[in-house]
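Written below as structure tokens is the structure these notes are about.
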């Protein structure tokens with residue numbers, strides 16, 4: 001993983017030396033200014049990248065995922081700051097500490113976040129905006145990296161036209177995006193040798209220039225010269241920080257807020273990134289900048305093209321070739337992080353579910369998102385053609401990255417207080433210096449807004465608005481879906497004639513029995529599926545045997561047969577609940593789905609060892625007791641073949657589904673006979689199609705616009721029933737309307 005991460009994450013290091021000094025100075029620098037700038041570069045990379053991100057922020061991951069959004073997700077597991085998706089809330093590991101387990105100050109901070117609506121909204125907005133900034137930055141980074149390398153051709157051929165540079169850059173970018181479907185593992189393994197060679201080149205060149213020109217620049221390791229640079233140059237020195245900022249924003253792949261490193265955490269691991277940075281990238285990076293400074297101190301005019309002007313004799317053309325290859329690799333970090341961040345955004349219901357492909361069966365966090373890949377390709381080609389040089393592009397993306405580092409600094413401080421439960425004084429002592437350093441760079445970068453930085457901020461605001469709009473709409477949808485959900489015992493009751501009928505509140509109609517096996521797709525996996533309720537209310541009928549089928553996706557490539565199926569009974573005769581756990585490479589919905597459901601139900605019924613557990617544990621009064629629910633749960637466990645290990649539905653869910661009116665003691669042979677007969681007759685798949693309708697009277701004009709936009713987006717991005725791989729003639733769609 002450390003080897004692969006070198007190929008994916010650190011390519012951008014190669015391009016940073018192409019333009020940092022040229023972006024910092026506008027004329028030949030003096031020796032004092034050169035050493036001061038080098039000191040700022042050394043200490044910025046050391047403090048912001050190495051100490052803050054690699055050693056601190058990488059620890060603030062959410063089950064292996066990194067980024068500002070992952071930190072928000074982590075906070076949501078340790079505090080009640082967000083509404084959980086009903087489909088996934090049973091799979092989220094909530095780890096909120098008891099009040100007695102926290103220091104008073106930490107508890108007060110958590111309480112403030114949970115109680116105050118403004119603080120919850122601000123935290124959500126910051127997390128979303130941080131992700132949006134990186135996604136917006138993803139359009140500029142490939143353009144910046146490739147353009148920086150191709151502009152090296154001007155050293156060989158000064159009269160080369162801008163059109164040629166732009167054309168070659170665009171062709172390389174298109175090629176880069178075309179290979180993304182191969183997957184992160186293959187790309188990383190292929191690119192790693194290129195990056196390693198490039199890093200060794202930079203290391204060697206740095207040592208060569210340091211030995212042959214001016215070793216005295218090593219005094220830049222003293223932070224005195226960094227402070228002296230700012231004091232001596234005052235306002236101009238502050239403005240020049242925008243160029244020095246590129247020393248680590250250009251290596252944004254290494255730093256999380258500078259966030260691709262942190263975002264790429266899901267594709268690799270914390271230890272892999274730490275090893276590759278501390279043992280390889282960091283020393284090579286420092287020596288490269290030091291070597292360039294040693295050369296420029298003797299030849300000040302070399303600042304205009306600092307990398308190619310400082311290449312040792314005889315190494316120009318090899319350097320040009322490897323720099324172009326490294327520039328291609330440099331774009332990979334932000335492309336990878338874009339896929340990772342979009343995956344996080346979708347999993348937290350801030351964006352519609354779009355096609356996502358897992359590219360590795362070994363490393364489960366490596367994903368590829370086709371539509372994002374092609375949109376990024378179009379965006380980078382357009383930006384390359386419009387900006388056409390690295391200086392303008394540097395102004396455009398520097399603001400984005402340093403703004404995210406500032407957001408990350410503040411969010412990791414909250415994680416330290418709420419999740420890590422560190423003493424608030426220790427947290428403040430670490431947070432304050434980093435916040436001041438980020439703020440210093442941020443205020444300098446803001447001066448570049450008129451020069452192109454407004455573009456990425458504008459794009460980030462649009463993305464963040466869409467994310468928040470979608471999430472707001474989903475929360476309103478969940479609220480509508482939670483209303484008036486009956487328990488099974490309140491939906492179906494036993495009539496005076498002993499037959500099943502709807503409860504009086506639902507019309508009281510007698511339920512007609514339809515021949516066959518009915519499979520109702522259950523989105524939530526608990527209580528009564530809405531599609532089943534709507535089917536009964538509309539048709540007052542149900543199949544001889546019916547199953548509530550819930551598909552539970554896990555973040556692993558495959559789920560073994562031993563762990564895949566869970567069968568449990570409900571309070572209704574011949575009514576079961578089946579949960580199928582599946583990995584992202586498992587094919588669950590197929591033409592054989594009905595056969596699979598039938599065999600799993602049959603196997604469960606056959607292997608019941610104690611027939612009395614279904615009836616003797618129920619009191620004669622018909623009222624469910626604690627003993628009854630436990631007995632039923634036990635029967636579920638024993639109902640599967642001994643070759644399968646099964647976990648049952650939570651006891652509370654079973655209790656919700658119990659009925660006080662219907663018998664639940666039919667013998668296994670009768671249930672097997674009923675199941676066999678129903679399966680032989682027909683198998684019907686019943687799928688719900690939920691339509692949302694806007695309540696005009698209860699919403700303001702602005703809210704109506706937002707929700708109407710959400711409804712439109714939802715209708716145009718939802719999965720179509722025709723895409724289900726089950727026999728069309730056996731598929732039934734039940735439509736119903738929810739008002740929001």
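Numbering starts at 1 and runs along the chain as it is shown here.
Note: Cβ is positioned from N, Cα and C throughout, glycine not excepted.
Keep in mind that this is a model prediction, so the values were computed, not measured.
The domain 'K+ potassium transporter integral membrane' annotation in TrEMBL covers 1-491.
TrEMBL lists 515-740 with the feature domain 'K+ potassium transporter C-terminal'. If you take every residue in the domain 'K+ potassium transporter C-terminal' (515-740) and average the pLDDT, you get 75.
Taken from TrEMBL, the feature transmembrane segment applies to 34-55 (among others).
The transmembrane segment annotation in TrEMBL covers 121-140 (among others).
Beyond the transmembrane segment (160-179), the same-chain residues lying 6 or more positions past its ends with a Cβ under 8 Å from any Cβ of the stretch are 142-143, 146-147, 150-151, 153-154, 187, 324, 327-328, 331-332, 335, 373-374, 376-377, 380-381, 384-385, 388-389. Residues or ranges marked as transmembrane segment in TrEMBL: 160-179 (among others).
As annotated by TrEMBL, transmembrane segment applies to 191-211 (among others).
Within the chain, the transmembrane segment (275-296) has long-range Cβ neighbours (under 8 A, six or more residues past its boundaries) at 2-3, 5-6, 9-10, 13, 16-17, 20-21, 29, 34-35, 37-38, 41-42, 45, 49-50, 54, 196, 199-200, 202-203, 205-210, 212-215, 217-218, 220, 247, 251, 254, 261, 302-303, 306-307, 309-310. Positions annotated as transmembrane segment by TrEMBL: 275-296 (among others).
Feature annotation from TrEMBL assigns transmembrane segment to 316-342 (among others).
Per TrEMBL, the feature transmembrane segment maps to 363-387 (among others). Residues 1, 64-65, 138-140, 142-143, 146-147, 166, 169-170, 173-174, 177, 180-181, 183-185, 266-268, 331, 335, 338-340, 342-343, 354-357, 393, 396, 452, 555-557 of the same chain, all 6+ positions outside the transmembrane segment (363-387), place their C-beta atoms under 8 angstroms from a C-beta of that stretch.
Summarising the annotation, TrEMBL assigns transmembrane segment to 393-419 (among others).
What TrEMBL records for 426-446 (among others) is transmembrane segment.
Annotation source TrEMBL lists transmembrane segment at 452-472 (among others).
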Return the stretch with the most CB pairs under 8 A relative to the transmembrane segment (34-55), choosing among 191-211, 426-446, 452-472.
-> 426-446
